[in-house]
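The substrate binding site annotation in Swiss-Prot covers ARG67, TYR208, LYS214, ARG334, and the record cites sequence analysis as its basis. Among the features that Swiss-Prot reports, Mn(2+) binding site is placed at LYS214, HIS233, ASP270. Annotated ATP binding site per Swiss-Prot: LYS214, HIS233, 249-257, GLU298, ARG334, 450-451, THR456, in sequence order, evidence recorded as sequence analysis.
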Amino acid sequence: MTVMEHTKAATLDLTKHGLHNVKEVVRNPSYELLFEEETRADLTGYERGVVTELGAVAVDTGIFTGRSPKDKYIVKDATTEEHMWWTSDTVKNDNKPITQEVWNDLKELVTNQLSGKRLFVVDGYCGANPDTRLSIRVITEVAWQAHFVKNMFIRPTEEELATFEPDFVVMNGAKCTNPKWEEQGLNSENFTVFNLTERTQLIGGTWYGGEMKKGMFAMMNYFLPLKDIASMHCSANMGKDGDVAVFFGLSGTGKTTLSTDPKRALIGDDEHGWDDDGVFNFEGGCYAKTIKLSKEAEPDIYNAIRRDALLENVTVRSDGSIDFDDGSKTENTRVSYPIYHIENIVKPVSKGGHANKVIFLSADAFGVLPPVSKLTPEQTKYHFLSGFTAKLAGTERGITEPTPTFSACFGAAFLTLHPTKYAEVLVKRMEAAGAEAYLVNTGWNGTGKRISIQDTRGIIDAILDGSIEDAPTKHIPIFNLEVPTSLPGVDPSILDPRDTYVDPLQWESKAKDLAERFINNFDKYTDNAEGKALVAAGPQLD
């Protein structure tokens, strides 16, 4: 076996991962080598990348243009039995159990697929704090998948590579599928499976890059909270004085837009931990949505799409130009790039001190929630567990009505412990740091229009500069929220949502409807004492 590597690290023995007769190992290749490898003329199908006019390579991930949660399984054994938040008949989630026997079959499939091949091995870190990071090894036969991993995880130095030992191994066998899935009781021939005793993830059948990124996020979500370290689906930034803010929010709530602020340096845009030293990024890159991307609206992301960035599922015209408006393949078009493609970032390491502001973003299409309210510690836990947002969905009659989404901890798909554990650890960290929490509605109000980005930015500025603390407040019934009555640079007529309705009774009836949905959703957390104690912090109906 020859080893070709960008580093001078020792020859790798892949037999310990069950791989045999490997022809060649390309370890931690340079971006130049990856560019050559992923655009080779002899590549076919989903392996081949095309060069765009912006310099970035674009790839097609096939039928999988997003994660496949129905194909996610975790081995149920002595390691995971007690702590894992397993799916159940009463509360469904994505943590479905499989046996060691099924795992053994799937591992044989993937190792057979990768054995005897020329392989790319990318070693990196998940977590910017050396004390708590996971050392990740990803093994794949596909060059662009190695490129994705190099972009998204933290890139080690030559010295670190020389002594690198993986804590977790990801074997990506995207080209193989599982012929025995039906008799094994699985969802399909494709699979994304985890074994926490072996500390290994196996991927088969899906080419979507995000399975590797979010797979490791799910693992950080398992290991860190058990050490009392918060693991968070959020963006984070830092002010000139070192003050740190974190922004939680589901897709479409403004998490990336609002944390990308010319006045503040970006720590990271998606996954963070919070330990005794402060807030730290898990990643070494960003994975941004590109649908309808324009240079004018989002210059930072647009300018990050250059050589070494990797585009997924965008429409590339024959002249190499990109049609970012075309969602015919998927609305989930993406780009991964190393974080240093963004100019205003925290350097040299993506971490900051303790957060003093925690912001929950909800886009409320019901038009009920106030644009901003300050939360008590109990309300913080309640709204964190609720993870609410709502979209306007068209019905067959052409009427648009709101569709609520409740996603625990603003990231239910990636949770591996019971949601109350994340709430408990977050609030513990907040209380130790004296941090305040705010619920910010970036959605709609009684005017039928979305709250303007200018008003929302004014609200965020007032939270971050502390001026919201000096504002007079009033109480909003049903949701039991305290809201400011005036803020600098914000239209005062929107701060009490009732004032945006011609008839205040209309707000009340909508508020009762939404409150009932909150209450029904929260029922599932009342299966333990921690959850029961929080019911009083949520909306109340007489």
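Keep in mind that glycine also has a Cβ here, set from the backbone N, Cα and C atoms.
On a predicted model such as this, the values are computed, not experimentally measured, just so you know.
Location within the structure of each feature annotated in Swiss-Prot.
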residue	record	Cβ contacts under 8 Å, 6 or more apart
ARG67	substrate binding site	THR192, TYR208, GLY210, GLU211, LYS214, ALA413
HIS233	Mn(2+) binding site	PHE217, PHE248, ASP270, GLU271, CYS409, PHE410, GLY411, PHE414
SER251	ATP binding site	LYS289
THR253	ATP binding site	LEU361, SER362, ALA363, THR389, THR442
LYS255	ATP binding site	CYS234, SER235, PHE247, PHE248, GLY249, ASP269, LEU361
THR257	ATP binding site	GLU298, ILE453
ARG334	substrate binding site	GLY209, GLY210, TYR287, ALA288, LYS289, THR290, LEU311, GLU312, ASN313
ILE451	ATP binding site	PRO371, ASN441, THR442, GLY443, TRP444, ASN445, ILE494
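DSSP assigns LYS255 (ATP binding site) to a helix. Classification of HIS233 (Mn(2+) binding site) by DSSP places it within a strand. For GLY249 (ATP binding site), the Cβ neighbour count at a 10 Å cut-off comes to 26, with all displayed protein chains included. Under DSSP, LYS214 (substrate binding site) is assigned to a helix (H, G or I) in the three-state scheme. Taking every pair among ARG67, TYR208, LYS214, ARG334, the residues listed as contacting substrate, the largest Cα to Cα separation comes to 14 Å.
Within 10 Å of the C-beta of TYR208 (substrate binding site) we count 25 further C-beta atoms, all protein chains included.
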